[in-house]
């Protein structure tokens, strides 16, 4: 009996690793949508790769990368570095670039594979929602292979891929933030109408005021610390243009025509986008490679040689930490989001499918703790677009961890 029980347990574990997403939650979590579980597991793969990237950029781990064959060959001429700069100065960055390439390649592979999947009855949907153990092996294999890519022009070329991909992910972040703020405002206004309590209106005003207060304080600090009376013209222009744009957005959000088209639109959305814009401005100024206009520039001097100076930019400065937090929240939001607004769903290629309504009701009535297939008649999100979002997210976190430097 003991042998039979152990064999059954082993078979169950193997089926959970290789089977569909519902098996992963059997008897573990409340009933949930199969599509949501699949997105969360793919997001977990992204977070796992991010964790590995963070570990690789830690100085003590960075030293061990010397053991990889050919990891430093031909770097100086390609990157245009002076001969006094040793390869050890950017070993961690090269490792993060390769990890970012591996994650981007992994999600690009699935984006191509899942083109035009319409429902869970498509054989490719089984690949999307199952075979997690083999997917993990594929990610590990791609990662190992990425570290054996000859240096050559890879780092310089991949830098520009990272810039473009990160820019697109920032636009996606803006859409998600607007959608989040809109849903937030709509929820509180609905609560105020239903309960006839003015406390919800007061809370909405307080949150909006706090967002604007932090934004104004941020603008002042940017002018104080990242500009000088003489010089730093680019910083002054960047801060001023973004300030003007934030003022325009705030005024437009309360215009009568906008209010008629979007009754729940208001200053809460504008204040949140203003705060996010100030953060993006801060992140840009904090990565200016000029000490006079960037007092927070992190430069670590190596003492290993009297004639060699190692310039290493570390990722754990304040803008990068904030960016990492925003990245985590936005990717989680992509995985579980279900917008109430048709415009956002159309733009993000997401739709609410009623296919799983019966399954959800059946699961609730039976009291079973399992995931159920909610995509029998149609997918609740575009598989390809979801993987492309994770691809862009992997490029964004790659650039964030390396402080947007080559």
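For all residues, glycine too, the Cβ spot is worked out from N, Cα and C.
Annotated by TrEMBL as transmembrane segment, the relevant range among 95-117, 348-370 is 95-117. Here TrEMBL gives transmembrane segment for one range in the set 237-255, 294-312: that range is 237-255. Only sequence-distant pairs (6 or more apart) were considered; of these, at least three Cβ pairs between the transmembrane segment (155-178) and the transmembrane segment (318-336) are under 8 A, so the stretches are in contact. Scored on C-beta pairs under 8 angstroms, the neighbour of the transmembrane segment (199-225) with the top count among 95-117, 267-285, 385-405 is 267-285. Scored by C-beta pairs under 8 angstroms, the transmembrane segment (385-405) has its highest count with 95-117, from the stretches 95-117, 129-149, 267-285.
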